[in-house]
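I have a structure I would like to understand better, so I am pasting it below and will then ask my questions one at a time.
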Amino acid sequence: MDSDEDFQRALALSLQDTQATRKAKAKADVIVIDDSDDENEINSQSDREFEESLRKAVEESKLESSQPSPPRRDTSSPDIVEATPPPPEIKNMDPSTSSFLSERAQLERERLARQKRHLSTSQSFQESEPPLKKSNKRESSPPPKRVLHYNATASTSQNSNQGPEMFWDGAIRQTANINAEKDKDHKPVFRLSDILAPTDELAFAIISTYALDIGWLYSLFPPSVPVILVTQPDPSGNASIHAMLPNWIKTTPFLRNGYGAMHCKLLLLFYKSGRLRIALPTANFVPYDWRDIENTVWLQDIPPKRNPQGHSARASDFSSILQRVLIALQVRQALRAHIVGDHPNLPLQSIEDLGTRWDWSKVKVHLIPCMAGKYEGWPEVLRNGHTRLMKAIREANARAGPNRDVMLECQGSSVGTYSTQWLNEFFHSGLGESAQQWLDQPKARRSKLAFPPVKIIFPSLKTVRASRGGELGGGTMFCRRSQWSGAKFPRELFHDSNSKRGGILMHSKMIIATFKPKAGLGFSSKAKGKSRRKNPYSSEEEEQDEDEVKIVEEGIDETVCGWAYVGSANFTPSAWGTLSGSAFNPVLNITNYELGVLLPLRSEAEANDIACFERPPRKYDLKEDVPWMQDESAILAQAI
């Protein structure tokens with residue numbers, strides 16, 4: 001029998017065993033994560049066992065091998081474990097499939113042993129912003145045939161007989177969902193299999209995720225395709241690079257003291273034709289996120305340049321920011337390990353190739369990274385978090401200006417610890433106004449501001465109970481009683497999170513900002529003298545002369561009526577960062593790694609189309625409504 005076919009058959013049998021183990025041990029189709037703080041560290045014993053078994057497998061493989069030594073370790077990379085040559089008994093196997101085979105065999109044995117010891121699925125972490133401590137197994141099933149859809153920007157559709165659908169102008173869609181109501185499930189959607197297709201044309205992939213079912217994800221790719229997988233570090237928070245599976249390298253970025261989450265979701269798919277596909281899903285790479293709960297995906301196809309040349313675009317453009325993100329996620333080191341190992345001819349030879357070999361001219365969205373760390377000084381502060389959001393709003397000419405009020409609708413699956421100061425800090429950035437203006441205000445005043453016009457959209461207890469999955473489906477939604485009951489917690493800002501597709505829960509993260517004319521302002525850009533405008537941070541009105549108005553209005557596109565954010569970031573300080581310091585020397589602290597995109601909105605209809613939730617959202621009746629709190633669910637506790 002052909003050795004390559006033999007390997008693939010053995011792997012398929014292993015994956016079948018994994019499925020059988022899940023079915024035999026599954027108690028309920030329920031996802032649970034123990035959430036004690038939105039800034040806690042990951043505490044996963046199974047992950048540590050995985051890393052230890054990986055280390056032992058590599059060492060054993062090296063001792064058994066009679067082949068030449070592996071490529072020299074790059075000492076500039078953190079904790080690289082190189083791909084090792086095959087042991088003697090498989091030395092005649094095709095090199096493209098044999099280089100990691102001895103490691104894979106050992107890892108399979110260890111993984112199956114772990115499954116017998118633990119109820120959690122193989123490497124299947126369930127996610128919200130808080131770190132995982134527990135997760136139950138889920139059985140995988142084919143995605144539904146019906147699809148729902150949404151395109152935020154124009155896409156070029158192709159008949160299925162003509163090949164996969166292309167999105168040269170970008171698109172935003174919801175993911176397919178088996179629980180969507182048929183009469184509300186009428187728009188095209190994204191399935192992960194459609195995003196990856198055609199897999200036989202894949203040449204290379206870079207994947208980033210927080211939660212991970214590695215057996216399921218690995219089965220979606222041809223075994224010969226080289227992959228870089230970015231995921232959550234171990235509890236120490238140290239950056240690392242490991243050979244993981246045949247042709248797969250796992251990399252983790254640094255987290256200070258092990259706190260926070262590598263929460264980015266990203267797909268970079270390189271095809272043999274030269275095309276690059278980029279996708280930012282809100283879904284993790286676990287079957288549950290792509291089948292049972294609602295998520296959102298922004299996707300765009302990027303053509304190769306006809307004449308690759310040096311990158312002359314400004315530093316804040318999409319591809320330059322993407323390069324910074326990949327460097328922060330330790331992809332540069334993993335890419336080098338692939339190239340000096342078994343894959344010297346990858347379509348991406350360096351991170352900088354992204355700006356020189358592909359044509360990003362049709363990308364109209366603005367990339368918003370939130371990279372964990374402490375940033376000081378304006379150049380660094382403006383590159384990340386909510387201050388990067390502010391800068392992107394200005395780049396998109398999507399500021400409201402002095403004549404329009406702004407409302408932010410912030411929807412997600414995790415609730416933060418909110419203060420009036422942080423909410424106003426974020427709202428100031430959401431206006432597209434300089435953070436310097438915010439830091440110029442006295443600290444005492446900032447701490448006593450009224451709550452800004454923000455709607456926090458999170459599912460109520462009765463919405464979760466009425467959903468198709470009921471309380472068993474609420475394991476990826478997080479709010480704690482200690483938050484909700486806080487004396488200064490903004491309970492009056494809470495609105496219910498209801499999907500437009502019926503009784504399904506949403507894991508999407510969105511912010512919809514809409515503008516409307518200021519009531520009774522009576523302002524005209526041609527008016528002389530002084531006008532009055534309301535200060536968004538107080539109940540006072542301020543005089544504003546004509547010259548000041550002209551300055552403020554520069555760069556404002558009056559055809560833009562708002563903006564939308566779609567990405568991994570929940571509406572929390574951990575995700576977006578907190579600003580301190582002075583206007584002269586600002587400091588931004590971010591706990592998590594997050595990634596999303598911003599696009600301007602040109603109509604209320606477009607805002608309604610993009611939003612995954614019903615608008616206007618229903619405001620909580622504080623006499624009856626409380627948010628869903630999974631740690632208070634007896635049904636969920638009994639299921640695990």
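Quick reminder: no glycine exception, Cβ is built from N, Cα and C everywhere.
Okay, so TrEMBL annotates it like this:
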type: ACT_SITE; residues: HIS507; note: active site, proton donor/acceptor
type: BINDING; residues: LYS265, LYS509; note: substrate binding site
type: COMPBIAS; residues: 46-63; note: compositional bias 'Basic and acidic residues'
type: COMPBIAS; residues: 152-163; note: compositional bias 'Polar residues'
type: COMPBIAS; residues: 539-548; note: compositional bias 'Acidic residues'
type: REGION; residues: 35-166; note: region 'Disordered'
type: REGION; residues: 524-548; note: region 'Disordered'
With Cβ-Cβ distance below 8 Å and at least 6 positions apart along the chain, what are the contacts of HIS507 (active site, proton donor/acceptor)? List them in sequence order.
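Counting only residues 6 or more apart in sequence, the Cβ neighbours of HIS507 (active site, proton donor/acceptor) under 8 Å are THR282, ALA283, ASP289, ILE293, GLU294, ASN295, SER413, THR476.
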Non-local Cβ contacts of LYS509 (substrate binding site) (under 8 Å, 6 or more apart, same chain)?
THR282, THR296, GLN411, GLY412, SER413, TYR565, VAL566, GLY567, SER568, ALA569, ASN570, PHE571, GLY596
Are there any residues in the same chain, six or more apart in sequence, whose C-beta is under 8 angstroms from the C-beta of LYS265 (substrate binding site), and if so which?
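Set apart from LYS265 (substrate binding site) by at least 6 residues yet with Cβ under 8 Å, we have SER208, THR209, TYR210, LEU280, PRO281, THR282, ALA283, ASN284, PHE285, SER568, LEU595.
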